[in-house]
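First comes the structure, then the notes that go with it.
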Amino acid sequence: MASNGDGKGRVATAAAGGGYGYGYGGYEGPEERKWWPWLVPTVIVACIAVFAVEMYENNCPKHGSQLGGCVAGFLRRFSFQPLRENPLLGPSSSTLEKMGALDWNKIVHQHQGWRLISCIWLHAGLIHLVVNMLSLLFIGIRLEQQFGFVRIGAIYLLSGFGGSVLSALFLRNNYISVGASGALFGLLGSMLSELLMNWTIYSNKAAAIITLLFIIALNLAIGILPHADNFAHIGGFVAGFLLGFVLLARPQFGWMERQELPQTSQPPKYKAYQYVLWVVSLVLLLIGFIISLVMLFKGKNGNDGCHWCHYLNCVPTSKWKCNT
């Protein structure tokens, strides 16, 4: 979510991969270890707990609103802001800002870089929370089963961080942003790079990549509507895409059965192109993070060097404006 301070929210609700689980590419390699997924459920519980704290701190009945009465007043302290202020059933922008929302001014001028991480755990409202957590459940569980909590946890956090950095560079003043959408797009990006990285051990390659590209394109397209922080989506996706090449390589077919082969016939663990992709992606990832962070903390505006980039976040039409 991003807010321009007038009570209206800008929230990304399109980070889902629909109901698609991981593994539809038709993996033909040997049976690998299946990890018990505990990290993704823990993240979901943590986000729900943080949202409860948001609503406790918000305390709509005490602070009130000029835009109407609290929604679901029977919840008392946990009731929501008026729908005219937050249509997603959640707290006020001031509460989100207090709890660690992404705020360019506070990051750059007040040295609160921790907001680049804290904003990932906050959500603009109940609707925002439910959509993102269902998306994480569908996407994250299968990935964690396949690759374990360390690699998927790293992709989730670093992708969320990457989305926050890009969002701060381009949204800048008058906006705050919250949500796990950048991290979720990172998981989608890692699914795509994992498919490309391990191309030779999948069947139904064309169907798998077309399906995945369609899901990604659809979600990014929805992100150009008003009230969605598409820069967080794009930053998270790019970071996750590169991290997938670095962290999700699979041994080539036949390596797992090397004990059964003669010593002279044993294949290498990875193919040459996998090593090349690993090195190139790691270098691009490090360069991208370093340049972006230097620009951010020097107070640079990403729009100065890219005058059309604002269209990646919102495309104005006769039906809506992008500066609301």
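Sequential numbering from 1, following the chain as shown.
Keep in mind that glycine also has a Cβ here, set from the backbone N, Cα and C atoms.
Bear in mind that TrEMBL entries carry predicted annotations, made automatically and left uncurated.
Record features (TrEMBL):
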DOMAIN    111-249  domain 'Peptidase S54 rhomboid'
TRANSMEM  35-53  transmembrane segment
TRANSMEM  120-143  transmembrane segment
TRANSMEM  149-171  transmembrane segment
TRANSMEM  183-201  transmembrane segment
TRANSMEM  207-225  transmembrane segment
TRANSMEM  237-255  transmembrane segment
TRANSMEM  275-297  transmembrane segment
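Secondary structure by DSSP for the domain 'Peptidase S54 rhomboid' (111-249): 108 helix, 3 strand, 28 coil. Per-residue pLDDT, averaged over the domain 'Peptidase S54 rhomboid' (111-249), rounds to 89.
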